[in-house]
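Below is one structure, written out as structure tokens; comments come after it.
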Amino acid sequence: MDYLPIFADLKQRPVLVVGGGEVAARKVDLLLRAGAEIRIVAQSLSPILEQLSQQGQIHWLGQAFAAEQLDEVFLVIAATDDSALNAEVFSEADKRRVLANVVDDQPRCSFIFPSIIDRSPLVVAVSSSGQAPVLARMLREKLEALLPASLGQMAEVAGRWRGQVKQRLNAIGERRRFWEKTFGGRFATLVANGQTAEAQRQLEQDLEQFAQGSEGTQGEIALVGAGPGDVGLLTLRGLQVMQQADVVLYDHLVSDEILDLVRRDAERICVGKRAGAHSVIQEETNRLLVELAQQGKRVVRLKGGDPFIFGRGGEELQVAAAAGIPFQVVPGVTAAAGATAYAGIPLTHRDHAQSVTFITGHCRPDGDGLDWADLARARQTLAIYMGTMKAADISQRLIAHGRAATTPVAVISRGTRADQLVQTGTLQQLEQLAQQAPLPALLVIGEVVELHHQIAWFGHQPQAEGVSRPAVVNLA
């Protein structure tokens, strides 16, 4: 270990900063957040530092560094572009046993700054001992994605309850088990969702049960949108919830790459729906959700796209609510937004479409109830989910209600994935395009489809209108 990682209390402690530029300003910002009393020496101050000086947040000692300025300071930072001055600062600090940091000059550092993930009061520091700062920064960025912003508030609440928990639970091991269950249970979810008062009540209830010898954990359901396929489109919140799951119920549309991000010891159950017997399968999914949550498990219902857009997520949460099970929803990038963006087809455009309508081709048995005359209006975009089997009926109805047979259309298969296929043509060719489209596929109808030939950017791109490569088929 080249450096001992410690956390220093700088509140109201004098710290000297030599330098007045942007680098010095960044260090000053960090020191202010730690509550330090900042003294600064510089020929001139950057606008930010000058403002801080005028506000009395820092004390500008003068333009020239003098060794006696180090007397009684806790540490010093040299952040100038004068290497000789930086060396002098370090030398004088070393003589006085004052901790010193010369920016970007590791040999002249008795301490170094780590990369910081700030979830105050929870703080994570990452360091490569100055050997690979870019690597440390990259690791910090990965940790930033994994650590919810609510951790700080969670730690604050826990800090306020430490005394009461210690009074109620005498044994150290007992307290440890309590906090492990608390931080991994309903309390954490409530804090993350901004329900602080409810979180306090939950913690009080959990403590009472624990003190009475009942360590039962309340189960919950998280409805999570996995996005259209590309793992990079999964939200940070979705990733965090998935990595806390005990059980994951997922659909066929969820990619293997996204499933690989689920907590490794979580149980995975595929509840994907195929054509036929949908009500029975959905009822079984509803039963599993309730049953598993009632066992005290954190259940993630992982759905492709967004769970509230043609995903029957609302129906599943109605069942959870009726059973009295807590739940939360994590939205996802819906297929119509993701697939069209990756195909270079804007859903709206000032010159072509002032509105967009999402439709499902998989309707209830008693009919679709759609206003086809309204859907046939020009200058709008239709995005149709699960519509390949009804493509012929869709095109016939739209044409019959006045939409031009030459209206541009696209069928996007496996949108946002590496093997994405985009087929384009006209409304009268929609059935032919849909018949040869791999599933899952999205139908897009409207003049905006023409822009695909100009701004397609992902995967194989069309060379010109009427000319195609393997991943782009044009029947127009």
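Each position is counted from 1, following the chain as shown.
Yeah, the Cβs are placed from backbone N, Cα and C, and that goes for glycine too.
Binding site for S-adenosyl-L-methionine per Swiss-Prot: GLY304, GLY305, ASP306, ILE309, THR334, ALA335, MET386, GLY415, plus PRO228 from the candidate set PRO228, PRO346, PRO438. On the 0 to 100 pLDDT scale, the model's mean across the region 'Precorrin-2 dehydrogenase /sirohydrochlorin ferrochelatase' (1-203) is 91. Cβ atoms within 8 Å of the centroid of the Cβ atoms of GLU22, VAL23, GLN43, SER44 (the NAD(+) site) belong to the same-chain residues GLY19, GLY20, GLY21, ALA24, ALA25, ALA42, LEU45, SER46, LEU49, ALA79, THR80, site residues excluded.
Spanning the listed S-adenosyl-L-methionine site, residues PRO228, GLY304, GLY305, ASP306, ILE309, THR334, ALA335, MET386, GLY415 have a farthest Cα to Cα distance of 16 Å. Secondary structure at PRO228 (S-adenosyl-L-methionine binding site), taken from DSSP and collapsed to helix, strand or coil, is coil. When the C-alpha distances from SER44 (NAD(+) binding site) to the recorded positions SER128, GLY305, ALA335 are tabulated, the minimum falls on SER128.
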